[in-house]
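Database features, via Swiss-Prot:
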SITE      Thr44  site 'Part of a proton relay during catalysis'
BINDING   Thr45, Ile204  pyruvate binding site
SITE      Tyr107  site 'Part of a proton relay during catalysis'
ACT_SITE  Tyr133  active site, proton donor/acceptor
ACT_SITE  Lys162  active site, schiff-base intermediate with substrate
Amino acid sequence: MFRGSITALVTPFRQDGSLDKKAFGALVEWQIAEGSSGLVPVGTTGESPTLTHDEHQEVIRLCVEAANKRVPVIAGAGSNSTREAISFAEHAEKVGADALLVVTPYYNKPNQRGLYEHFAAIARSTSLPIFIYNIPPRSVVDMLPETMARLAADFKNIVGVKDATAKLDRVSEQREACGPDFIQLSGEDATALGFNAHGGVGCISVTANVAPRLCAEFQAASLRGDGARAIELQDRLFPLHKALFLEPNPAGAKYALSRLGRLENVLRSPLVTVEASTAEKIDAAMKHAGLLN
């Protein structure tokens, strides 16, 4: 159920900064039509830090409603407050999400015992499958494989990880610690091919916002063992993977989607739109991938 190209959705805004619900619904429809195998609303790429609680919950509800069980919705439910994360988890379950993506607490820097207790409390609060989101560059904490293994052993609904460490050996370490059934999804587009080779089964992808069909085809080729096709698609996508992250995410993805006419190029402060020089590089990468003429 949770494998392949799973899109970490952007949250579209109007020029006045309000949620663009129409554009969001259309984005969900396009993603499903293009072959994405899952959707993640309100993660890092969804600008969760600048959404109000009501907006956070509304975006998840809209995504669940638009997806209508055609693909799984893994709702962003992370916070550096355990109580707040539990509240997000309970709401996501209530509105019909299929799973939760819970980031390791950021800024307050809990130790491994604190990480265990945080995820244990969330797991006790919901019956939904939980994916640990381990992203040390943003959270400044790194959940170690041993801690992950304890959680997976103690809670049946802690089923996998979105790994954004970009350490390919970590996939094998987590497979050894947590077992082969623990679902490992890459959180880093550029290294997703190597991630799968180590035992991963997909990617929660930023690039899939912009190139959903190519990303879906890439993941399908990789997972069926068609290395030649996977590398061919990797070569088409790699410049785009790089260009979209020249400035803080999701500025690159939103610019690219605006070039495709999918949404307004609007972010919420303190994030800002990409510089002109970056826009040129994204345009070139989109042309290389065959997304622009």
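Every residue gets a Cβ built from N, Cα and C, even glycine.
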For Thr45 (pyruvate binding site), list the number of other Cβ atoms lying within 10 Å of its Cβ atom.
24
What are the sequence-distant neighbours of Lys162 (active site, schiff-base intermediate with substrate), meaning same chain, six or more residues apart, C-beta distance under 8 angstroms?
Leu101, Phe131, Ile132, Tyr133, Asn134, Ile135, Leu185, Ser186, Gly187, Ile204
Any idea what the Cα distance is from Thr44 (site 'Part of a proton relay during catalysis') over to Tyr107 (site 'Part of a proton relay during catalysis'), rounded to a whole Å?
15
Between the Cα atoms of Tyr107 (site 'Part of a proton relay during catalysis') and Thr45 (pyruvate binding site), find the distance and write it as a whole number of Å.
18
Using CB atoms and a 10 A radius, I'd like the single residue among the recorded positions Tyr107, Tyr133 with the highest neighbour count.
Tyr133
Other CB atoms, at most 10 A from the CB of Ile204 (pyruvate binding site):
29
